[in-house]
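Novice: I have a structure here, written as structure tokens, and I will follow up with some questions on it.
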């Protein structure tokens, strides 16, 4: 069996889709469907069972036996960088992850988890080491703290423990994220309403590493298949502008022009203006596949979003 936490979310559901493509159906999905809209991400996927997150955590703490587990992909967390309830975030993103990590270590189950480029804050080197990290929000801090915990444990681990610092992930199965969904998703919705795509003023200067979710799923499965341990960046290695994202959306629709709107005051001091994954460590570990550019990834995503049902 393979367990995917956050399996109804963006990255988790795409990992399940990739596992299905490999012929794996023996998948236990763990998630919190309080937001019932997320179920649509699972409708076309083949899984063995579903477990509520709270029930799963209780079982993990109790040390319950789930049978033979080939791997756990831990993608379940509060992913809202705008969430400021520190107690909630630390319970969801830190304490929960520690419990699951120790469950896996004790049973030598390969453990692959979601870290985040938010751990870097406004640093500009994006190298997977403590001195290059400085989160700007409590979400980033919760991820940073778990990375630090893993770094202490890795030398003694006898089974794979691998974290990926996800950069700006976009692609199919993110509609449930609302305001936290990708720029490409929101711009497409604006176009469907007959509006022009809107970007914050100055967006042509904001450069981000936008990584297609299908590529993220591939990296996770590669790490599992090769028994990889460590903490790695997961991005394209390219910094591209929000304007390039908008251009890709416009190219798909074949009409419209970019409009600018004022930049929100409350985001100014907490906004990463530049991200670009340093892939040196990932490449050294043996991952050689290419990552889609914004032009390639957004074009594929637009086809998926606008497919005929």
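These residue numbers are counts, starting from 1, taken along the chain as shown.
Cβ atoms here come from the backbone N, Cα and C positions, even for glycine.
Grabbed the feature section from Swiss-Prot, which reads as follows:
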- 139: active site, proton acceptor (ACT_SITE)
- 177: active site, proton acceptor (ACT_SITE)
- 10-11, 31-32, 38, 53, 75-79, 92, 143, 169, 177: NADP(+) binding site (BINDING)
- 168, 179, 186, 200, 201, 202, 203, 208, 271: substrate binding site (BINDING)
Novice: Where the distance is taken from Cα to Cα, which of the recorded positions 139, 168, 186, 201 turns out closest to residue 10 (NADP(+) binding site)?
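Specialist: Nearest by Cα distance to residue 10 (NADP(+) binding site): 168.
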Novice: Distance between residue 75 (NADP(+) binding site) and residue 201 (substrate binding site) at the Cα atoms, whole Å?
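Specialist: Pair distance, Cα basis, whole Å: 33 Å.
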Novice: Neighbour count first, Cβ atoms within 10 Å, every protein chain included; then name which of 75, 168, 203 tops the list of binding-site residues.
Specialist: 75
Novice: Taking 10 A as the limit, how many CB atoms besides its own sit near the CB of residue 38 (NADP(+) binding site)?
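Specialist: So the number of other Cβ atoms within 10 Å of residue 38 (NADP(+) binding site) is 22.
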Novice: Going along the chain, which residues six or more apart from residue 31 (NADP(+) binding site) have their CB under 8 A from its CB?
Specialist: 5, 6, 7, 8, 9, 12, 38, 50, 52, 53, 76
Novice: Provide, as an integer number of angstrom, the distance between the C-alpha atoms of residue 168 (substrate binding site) and residue 77 (NADP(+) binding site).
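Specialist: The Cα atom of residue 168 (substrate binding site) is 16 Å away from the Cα atom of residue 77 (NADP(+) binding site).
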Novice: Highest CB neighbour count within 10 A among the recorded positions 143, 177, 186?
Specialist: 143
Novice: Of 10, 77, 201, which of the binding-site residues has the most Cβ neighbours inside 10 Å?
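Specialist: That would be 10, with the highest Cβ count within 10 Å.
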Novice: Quick one: give me the count of other CB atoms within 10 A of the CB of residue 139 (active site, proton acceptor).
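Specialist: So the number of other Cβ atoms within 10 Å of residue 139 (active site, proton acceptor) is 24.
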Novice: By CA-CA distance, flag whichever of 77, 139, 143, 201, 203 among the recorded positions is nearest to residue 177 (active site, proton acceptor).
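Specialist: Minimum Cα distance from residue 177 (active site, proton acceptor) across 77, 139, 143, 201, 203 lands on 77.
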Novice: Between the Cα atoms of residue 143 (NADP(+) binding site) and residue 201 (substrate binding site), find the distance and write it as a whole number of Å.
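Specialist: Taking the Cα atoms only, residue 143 (NADP(+) binding site) lies 30 Å from residue 201 (substrate binding site).
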Novice: Expressed to the nearest Å, what is the distance separating residue 186 (substrate binding site) and residue 77 (NADP(+) binding site) at their Cα atoms?
Specialist: 22
Novice: According to DSSP, does residue 75 (NADP(+) binding site) sit in a helix, a strand, or coil?
Specialist: coil
